[in-house]
Amino acid sequence: MLRWAEIYLNRLKNNYNSLKKFTGRKKIIAVVKANAYGHGSVPVSLFLERETDVDMFAVATIDEGKELREGGVKSPILVMSNPLIEGVDEVKELNLTPVVFDFESLEIAVKNGIGFHLKVDTGMGRLGFLPYQWESVLEKLDFSLLKGVMSHFADSDTDVEFTRYQYNMFIPLIKKVLSVKKVAVHIDNSGAVPLSLDGLLTHSRIGLALYGSKPYPDFPVPVEQVMEVKSKVIDVKTLPPDWGVSYGRTYITRKSEKIAVVAFGYADGFIRSLSNNWQVKINGCFAPVIGRICMDMTVVSVERIDTKVGDEVVITDRALTFDKMAEKAGTISYEIMCDISPRVKRIFFEREDGKILSRF
Ligand SMILES: *Cc1c(COP(=O)(O)O)cnc(C)c1O
């Protein structure tokens, strides 16, 4: 195996417990869309179901919900995009809980007797009923099918003031709904967890931070990166002086230089903008990426590193994090995690030492 990702479920559990402390008394909705941000949605969900008091899972699509059900997940599964135009029958068969966010999806849910969470827009400007519609929604609402009300923060990682403004806008609606029926109420995402918004909220919807990435640099909840991505050296050689490296010859050796070819490229999820802009670890030493990242391979400089073909290469781990990678690549860690491709085999561990392979 030349490329793989080690998933440390013990860290996932620690992250869960740390986050739970900050949310106050709220229950957790673990967001496992996009294959649990690349970590493997079935193993991650089954592990959380077994080892924590997770209350619910959230995915984006019916297929993601189906995968969880077929994998044996029993908890409620919230489907957050538009499952009701995707397939009402499957939503019913799989016992998925759709998010309803406009009059069309509300009508489909009611006509088919499907329990749902109602989503309102408090400033995200994406899915959700806008404030001017709330009155008429409440008038039309079939409370027997209503299981939750939710909204979504637009800027919880950078703007506390706007986040509180959104929450305050949400409160009157929550109060009206709760005066009729006790349902789940949620708006938090990872970035909002440290605000410990309390009172009427019953759940926090958490994705990113569960996987150990910080929504912002001084995020106060201690979390540790769950995934470590590894590869192997497939060639070592010394290039002559003034020799170009990789496509476009963006790196030229000055003197003779020892290089290693690593079996990891953008088809594996190595963001190409990290070309000449990242360091991997080989035998505990940093080896800078030189030249452009290719589809299946990347060249690194190993001038003073003792290395040979077959040596393990760390692309990212809990010290050399996705957060650092994202900063260098000018993107967000979410995108990098989601980009770790299916050809990178996921291996699951439940302990740090001894490396006990999980039963998944
Ligand atoms: C993805 C998503 C979340 C999780 O956000 P994180 O920042 O990863 O915690 C929560 N709510 C909705 C609606 C989402 O789409």
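Using N, Cα and C of the backbone, Cβ positions are placed for all residues, glycine too.
Positions annotated as active site, proton acceptor by TrEMBL: Lys33, Tyr247. Look at TrEMBL and you will find Lys33 tagged as N6-(pyridoxal phosphate)lysine. The substrate binding site feature in TrEMBL is assigned to Arg126, Met295. Residues or ranges marked as domain 'Alanine racemase C-terminal' by TrEMBL: 226-349.
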Report the DSSP secondary-structure composition of the domain 'Alanine racemase C-terminal' (226-349) as helix, strand and coil residue counts.
24 helix, 46 strand, 54 coil
Expressed to the nearest Å, what is the distance separating Tyr247 (active site, proton acceptor) and Lys33 (active site, proton acceptor) at their Cα atoms?
35
Take the Cβ of Met295 (substrate binding site) and count every other Cβ within 10 Å, whichever protein chain it belongs to.
12
I'd like the Cβ neighbour count for Arg126 (substrate binding site), meaning other Cβ atoms within 10 Å of its Cβ, all protein chains included.
10
How many Å lie between the Cα of Lys33 (active site, proton acceptor) and the Cα of Met295 (substrate binding site)?
26
If you count other C-beta atoms within 10 angstroms, which of the active-site residues Lys33, Tyr247 is the most crowded?
Lys33
For the domain 'Alanine racemase C-terminal' (226-349), the mean pLDDT of the predicted model
98
